[in-house]
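Working notes, structure below.
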Amino acid sequence: MGCGTSSKKGNKSKKVIKAALVIQNWYRRYRARLRVRQHYALAIFQSIEYSDEQGQMQLSSFFSFMLENYTKTNNEDSALVTRIFDNTRRESQIKDRDDFLGLIEVPDSYDGPRLQFPLTFTDIHILLQAFKQQQILHAHYVLEVLFEARKVLKQMPNFSHVKTFPAKEITICGDLHGKLDDLMLIFYKNGLPSENNPYVFNGDFVDRGNNSMEILMILLVCFLVYPSDLHLNRGNHEDFMMNLRYGFTKEILQKYKLHGRKILQVLEEVYTWLPIGTIIDNEILVIHGGISESTDLNTLHQLQRNKMKSVLMPPVLGNQETGEKRNKSASNYVEPRKVEPDKTPSEDLTKQEWEQIVDILWSDPRGKKGCYPNTSRGGGCYFGPDVTSKVLSKNQLKMLIRSHECKPDGYEVSHDGKVITVFSASNYYEEGSNRGAYIRLSYGTMPQFFQYQVTSTSCLNPLHQRMNAMESSAFKILKEKMISRKTDLINAFELRDHSRSGRISLAEWAFSMENILGLNLPWRSLSSHLVTIDSSGSVDYMSSFDDIRIEKPTKDMKSNLTETMYRYRSDLKIIFNIIDSDQSGLISMDEFRTMWKLFNAHYKAHIDDSQIDELASIVDFNKDGNIDFNEFLKAFYVVHKYDKPGTSLA
């Protein structure tokens, strides 16, 4: 009897185990499908991010084109071009601190944080508490912090040299991009900066997020209190031209309407004095982007870093070879501005020095050997494990720690453990898209990685709902990219639709998408979200545009002009802001026509002069001869009719 009971219990246990294994296998497959969906969504976000950065770098080519082709050959346009370069390459004409700050008083009615100079730990605490309450630091204090930071930064070398000990660790943080909650979480988990708790912040403090000013002020105040224990490296977004596109300029002007321009003027110079790297224990190189086969730390140590105003304005001697074949072979190669050999302006770096800085700010590691153009971003290079070994060995270093790239887990180890990427902005693309991370290390020990993710109410939703939301956001921005090239895509589709049936094969559709958009995406896997496919596998290519359109100021505007305006709206806004030297938000009709013709000639947008003249008359809404270009560019936006329900990537 006892044996029978044991047998029944054994059978029941087997069934329970079998059921548990079935559930476990199902859950593993479910998680694997979610990982595939996350991978594809992140690929979309990253490809479009890099494509946008590529466009930003190509503005450099446009500026060079204007200078080389119009200052001498076209008298009508030369005045405008000269003014643009005067505005973008001006010497910082900043008054001394007392004169500058004397114009801005802090009223008694101001109830935000008040700082006392010289700054102490108390001021750090006051600032953190105020920003937690979403208070705004007065412009007077912002400028005072910037002036103090500039004074201290000027005394620093290009590379900060840091020593650690077994009992004294150092923390390394990557990109924060205006995400204040991430910085607060890091300080909560890891402690505030101090003599016993040093930090390295590896660039890209600003842009994209909504609290770039708060992050910058916290970091600079901490730096001023602990200048030997908090180290700030320059990233590719510590650049006033990048800020015009990616949000920090707009944030400053919104938060500091009266004194925003003064803040921007001083900030531009502070950027140029930020160190370009940190070397820990003479073994670990910490830089924002990466390296190239020509990276020379001796050159980087000796150049005058404050001459690098922006990567968009690269100088080069007219008699020097542009030589570096890796740059010329890129389809989006940025041709630097040429100046006469005997007229190199004193504020310019040499071409070699400029390239050295661009490489360490913009480059990315790859598994493939060698060094080749970073065609995704349009600046810097891709460097392989052999390049890493060569550069580290040459400089008697053991490891490279860099940032610059969002990683799903917040960090990534590559090149046989010699390269570490750390990225500290969680939820960078969308809620749940990635974790943030920071690194702790001390002398003679392996780096320790700490991950986190800022949570919000949406994080309480089921996992599949969060994934659906992330996918939906990814496909929206991908469709916006597609609609901006609608005419080109349709021409490419029709080229392969020999029977004019409106259908082509999936392979032909995928080839056309990549050929026109150049995003290096798995188009076949993404096709179910983007286009209608019949049972035979044929693609109804016009269905790509069923649920999206570009809104335009007037119905009579031609499609190619509408798409061009939408596609280049960010570039045009930067250019118009530069032209608008008095910051009125207005440019004249003549300036509009001239700039459009220059832009059209360089970008080969195939817009004839009559269309430009017609466009100019349309956008002069009140017929006063001036154009409010910000309002004009806002008139071009994408309308999503609906989202396709019930589909997923896996």
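Keep in mind that glycine also has a Cβ here, set from the backbone N, Cα and C atoms.
Swiss-Prot annotations:
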ACT_SITE  H237  active site, proton donor
BINDING   D175, H177, D204  Mn(2+) 1 binding site
BINDING   D204, N236, H288, H404  Mn(2+) 2 binding site
BINDING   D497, S499, S501, R503, E508  Ca(2+) 1 binding site
BINDING   D580, D582, S584, E591  Ca(2+) 2 binding site
BINDING   D620, N622, D624, N626, E631  Ca(2+) 3 binding site
COMPBIAS  335-348  compositional bias 'Basic and acidic residues'
DOMAIN    16-45  domain 'IQ'
DOMAIN    484-519  domain 'EF-hand 1'
DOMAIN    567-602  domain 'EF-hand 2'
DOMAIN    607-642  domain 'EF-hand 3'
REGION    124-456  region 'Catalytic'
REGION    315-348  region 'Disordered'
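Sorting each residue of the domain 'EF-hand 2' (567-602) by its DSSP state yields 26 helix, 3 strand, 7 coil.
Taking Cβ pairs closer than 8 Å, the domain 'EF-hand 3' (607-642) reaches residues 476, 479-480, 483, 546-554, 557-558, 560-562, 564-566, 569, 572-573, 576, 580, 585-589, 592-593, 596-597, 600 in its own chain, all 6 or more past its ends.
Sorted by the number of other CB atoms within 10 A, the recorded positions H177, H237, H288, H404, R503 start with R503, the lowest.
Secondary structure at N626 (Ca(2+) 3 binding site), as computed by DSSP, is strand. Other residues of the same chain near the Ca(2+) 1 site, with their Cβ within 8 Å of the Cβ centroid of D497, S499, S501, R503, E508, are R496, H498, R500, G502, I504, S538, Y541.
Model confidence over the domain 'EF-hand 2' (567-602) is summarised by a mean pLDDT of 78. Summary of the Mn(2+) 2 site environment: with the site residues D204, N236, H288, H404 set aside, the chain residues having Cβ atoms within 8 Å of the Cβ mean position are D175, N202, G203, G235, H237, G289, L361, W362, S403. Contacts of D497 (Ca(2+) 1 binding site) defined by a Cβ separation under 8 A and a same-chain sequence distance of 6+ are given as R503, I504, Y541, in order along the sequence.
Proximity to H177 (Mn(2+) 1 binding site), defined by a C-alpha to C-alpha distance within 10 angstroms, is shown by none of the binding-site residues N236, H288, E631.
The shortest Cα-Cα distance between N626 (Ca(2+) 3 binding site) and any of the recorded positions D175, H237, D580, E591 is the one to E591.
D175 (Mn(2+) 1 binding site) has its Cα within 10 Å of the Cα of these binding-site residues: H288, H404, taken from H288, H404, S499, S584. Counting only the Cα atoms, the space from S584 (Ca(2+) 2 binding site) to E631 (Ca(2+) 3 binding site) is about 13 angstrom. A count of other CB atoms within 10 A of each Cβ picks out N236 as the most crowded of the binding-site residues N236, S499, S501, S584, N626. Counted with DSSP, the domain 'IQ' (16-45) comes out as 30 helix, 0 strand, 0 coil. Taking the Cα of H404 (Mn(2+) 2 binding site) as the reference point, the closest of the recorded positions H237, S499, E508, D580, E591 is H237.
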